[in-house]
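According to Swiss-Prot, the protein carries these features:
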BINDING   His63, His92  heme b binding site
DOMAIN    2-146  domain 'Globin'
MOD_RES   Val1  N-acetylvaline
MOD_RES   Thr12  phosphothreonine
MOD_RES   Ser44  phosphoserine
MOD_RES   Lys59  N6-acetyllysine
MOD_RES   Lys82  N6-acetyllysine
MOD_RES   Cys93  S-nitrosocysteine
MOD_RES   Lys144  N6-acetyllysine
Amino acid sequence: VHLTAEEKSAVTALWGKVNVDEVGGEALGRLLVVYPWTQRFFDSFGDLSTPDAVMNNPKVKAHGKKVLGAFSDGLTHLDNLKGTFAQLSELHCDKLHVDPENFRLLGNVLVCVLAHHFGKEFTPQVQAAYQKVVAGVATALAHKYH
């Protein structure tokens, strides 16, 4: 991902304030509610029958935390996202058969959740930087598919 020094600074400064547990669960939960077809990859998670069930599901929260942990790792390797996410790309492609479009959807949901949590602090400039990052991560995760 090609970010200016200002964009990198904005991304890392905001990320230092992110509660990964809370934001991860909320982002994955919102993905599953807003794009219900993504639920098919989470059959083992139990009750996903209503928005409340999804948002309060402990397995959704735990996996969201795990996803955001991987995203955090990516933020420390912005110059090598393909390498950073190579194993996850292989897992999601070869074993889980996840539609790579879902990575883009989750990135966009994450941006919405960050905007909700940070309000005025999530300026248009910060959003633009995060959009670049989530697009880069989605591309890296989809790399094995190409």
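Each Cβ is built from the backbone N, Cα and C atoms, and glycine gets one as well.
Keep in mind the model is a prediction, meaning the values are calculated, not measured.
Distribution of Swiss-Prot features across the structure.
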| residue | record | CB count, 10 Å |
| --- | --- | --- |
| Val1 | N-acetylvaline | 21 |
| Thr12 | phosphothreonine | 14 |
| Ser44 | phosphoserine | 6 |
| Lys59 | N6-acetyllysine | 15 |
| His63 | heme b binding site | 17 |
| Lys82 | N6-acetyllysine | 14 |
| Cys93 | S-nitrosocysteine | 17 |
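Assigned with DSSP, the residues of the domain 'Globin' (2-146) fall into helix, strand and coil as follows: 118 helix, 0 strand, 27 coil. The two recorded residues Cys93 (S-nitrosocysteine) and the residue listed as 'N-acetylvaline' have their Cα atoms spaced 22 Å from each other.
Between the alpha carbons (Cα) of Ser44 (phosphoserine) and Val1 (N-acetylvaline) lies a span of roughly 34 Å. Counting only the Cα atoms, the space from the residue listed as 'phosphothreonine' to the residue listed as 'N-acetylvaline' is about 14 angstrom. The Cα atom of Lys82 (N6-acetyllysine) lies nearest to that of Val1, taking the recorded positions Val1, Lys59, His63 as the candidates. For the domain 'Globin' (2-146), the mean pLDDT of the prediction comes to 88.
Note: the Cα of the residue listed as 'N-acetylvaline' and the Cα of Lys59 (N6-acetyllysine) are spaced 31 Å from each other.
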